[in-house]
Each structure stands twice: as C-alpha cells, then as structure tokens.
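Visitor: Here it is, the structure in full.
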Ligand SMILES: NC(=O)c1ccc[n+]([C@@H]2O[C@H](COP(=O)([O-])OP(=O)(O)OC[C@H]3O[C@@H](n4cnc5c(N)ncnc54)[C@H](OP(=O)(O)O)[C@@H]3O)[C@@H](O)[C@H]2O)c1
C-alpha cells in the first residue's frame, strides 16, 4: 500500500498517489480497473462528473471490498446546467458512487462557471453539510484563485493541475501562489514525457537517473517511477492511471524508493524548461 500522505490546510491528510478514472477511462466502464487499482494498493481514487463513469467507479470500489474509511475518493463538479445547483449535483454523484460523502470535491474547470464566487459559496455549503470532507479546485490559475479568495470563507485545500517537466516554467506562478496560500498541488499528466512526448529533452535524464537509482537501490527502477519521484520531491500529489496490473504495482512500489537528489531534480527541471507542452486546458495559455 502506498502510505505517503500530504497534509491539507483543513487538517486532513491526502494520500499522495491516486488512481484516475479519466483520460483512458473517460466515458468507459471503470469498475474492473478501479477494483484492480485498490487491490494493488491504491487508496485514493480520482474521478469526475465529466468522466461519466462515477457509477462504475462506485461498483469498482464496492467490489474491492475495501472499507470506506480506508479509501480516499475525489470527484469533481462539472458545468452546471440551467437551474441546477452544486448540492444536488454532488448528491447525484454520491448516489452513483454509492457513498455518503466524498473526501475531496473539486471545481473541475474555472471557465465552466459564470460566477466563480457563487459556485465557491455553494462548495463551502456542501463541505459544511459533510457531503465533502475537503473542497478544492482544478485547472485554476492565480487569476481564478484571486476571484474566489476575495470572498472565500474556506481556502481551497487542493488545486489539481496538469504538471510534468514540460510545464515547469508555465506553472511556476500557480505553484508559487498555491504555496503562499497553503493550497496543496496535485498533478495529472505527470507521465506525459513518456506517454505523449517520448523524444523530448527530459528522456535521456530520466534514463540516467533510473540507472543511478537502480544501482544504488538494487531494485528495478523505471523512468515512470523517476517522474513520480520527481513529483514526490516537490510535494506534489500524483494522479495517474494504467490499464496494466504490472504498472499499477510499479506505481505503488514508488513508496519504497528513495528520493531523487536535489541535483537530479534540478537537471529534470532545466531540461523540461526548454520546451512547453500542455495537453489539457490549453485555454490556460490563452489567458482565459
Ligand atoms: N483535473 C483534470 O482536468 C484532469 C485532466 C486529465 C486527467 N485527470 C486525472 O488524472 C488521471 C491521470 O491522467 P493521465 O492519464 O494524464 O496520467 P499519467 O500518469 O500522465 O499517464 C498515465 C498513462 O501513461 C501511460 N504510461 C505509463 N507508463 C508509460 C510508459 N513507460 N510509456 C508509455 N505510456 C506509459 C499509461 O498507459 P497504460 O494504460 O498502457 O499503462 C497511462 O494511460 C486521469 O485518469 C484523471 O483522473 C484530471
């Protein structure tokens, strides 16, 4: 089991490693994958209304036989249809997931909400009611966080963003902002340098660091694990996924590996800073 946890600003401990039911599982039945992930040692499951598979995530959780208290479940608020509200939308997610509460509820996309202030006030209400233990945001930039912090009673606990070495430069302002306000950062797309841009400047360094760790730790170490260790070194939560049981075991085993060094982290940062690659929420780079 991956036991590392990150302390949130509301006193709750968030499991560092999460299995996601988006991307490859978007609009797909995720039950078997979620069950495998929990059996492999994942305790944090990340889903979203937008993925349209919360019901199958719920089935996977139930089939795993895990105790509710041993799991940490995140879901995310989609765009609200005319006349809909945050409370009813979360109650619908809970019905699909077969749960009484989620551990973390995030506003998925700032650009989907005409009044971020009003949406955030409703998010605070569902936390107050105990339907979500923690509340946070996703894909938020400082300009969006500024809007909600102006009137927020609860500071978001988490900002879930796309992050990997090719976003080091572009993401520095939002990372600095989150640090200043005590908002934990969670990353998706962390494996993009392997899965989506496999001939970039970071790849030779990942190979080199994996070889160094393999020698020192006396264990097989993959390049994916180096990217995950790079996130861990920065205290950034890792939201990943895999269709393969071997990779699920590999990700969980990161918990047993030592940290990469400061110099290795710097070398990956510097190589990644040479290029910019964003896959999702590309409107961020247009200043929206
Ligand atoms: N908040 C948001 O807006 C948002 C957006 C996107 C995603 N997410 C969340 O984050 C989760 C993870 O997102 P992600 O898919 O971008 O995560 P990721 O960790 O970057 O990538 C996981 C993918 O990498 C592949 N992979 C692993 N090792 C590889 C290797 N050595 N070579 C090539 N491919 C490799 C896996 O494929 P295999 O199946 O073959 O192992 C898997 O599909 C999603 O499921 C979702 O829950 C959130």
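Glycine residues also receive a Cβ, built from the backbone N, Cα and C atoms like all the rest.
Sharing the feature lines straight out of TrEMBL:
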ACT_SITE  51  active site, proton donor
BINDING   108  substrate binding site
DOMAIN    22-271  domain 'NADP-dependent oxidoreductase'
SITE      76  site 'Lowers pKa of active site Tyr'
Visitor: Between the Cα atoms of residue 108 (substrate binding site) and residue 76 (site 'Lowers pKa of active site Tyr'), find the distance and write it as a whole number of Å.
Guide: 5
Visitor: Can you grab the distance from residue 76 (site 'Lowers pKa of active site Tyr') over to residue 51 (active site, proton donor)? Cα atoms, rounded to a whole Å.
Guide: 9
Visitor: Using a Cβ cut-off under 8 Å and a sequence separation of 6 or more, which residues in the same chain sit near residue 51 (active site, proton donor)?
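Guide: Same-chain residues close to residue 51 (active site, proton donor) (Cβ under 8 Å, separated by 6 or more) are 21, 22, 25, 26, 27, 30.
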Visitor: Please report the three-state DSSP label of the residue listed as 'substrate binding site'.
Guide: coil
Visitor: Reduce the DSSP letter at the residue listed as 'active site, proton donor' to three states and note it down.
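Guide: In the DSSP reduction, the residue listed as 'active site, proton donor' maps to helix.
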Visitor: Through the lens of DSSP with three states only, how would you label residue 76 (site 'Lowers pKa of active site Tyr')?
Guide: strand
Visitor: For the domain 'NADP-dependent oxidoreductase' (22-271), what's the model's average pLDDT?
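Guide: In the predicted model, the domain 'NADP-dependent oxidoreductase' (22-271) has a mean pLDDT of 97.
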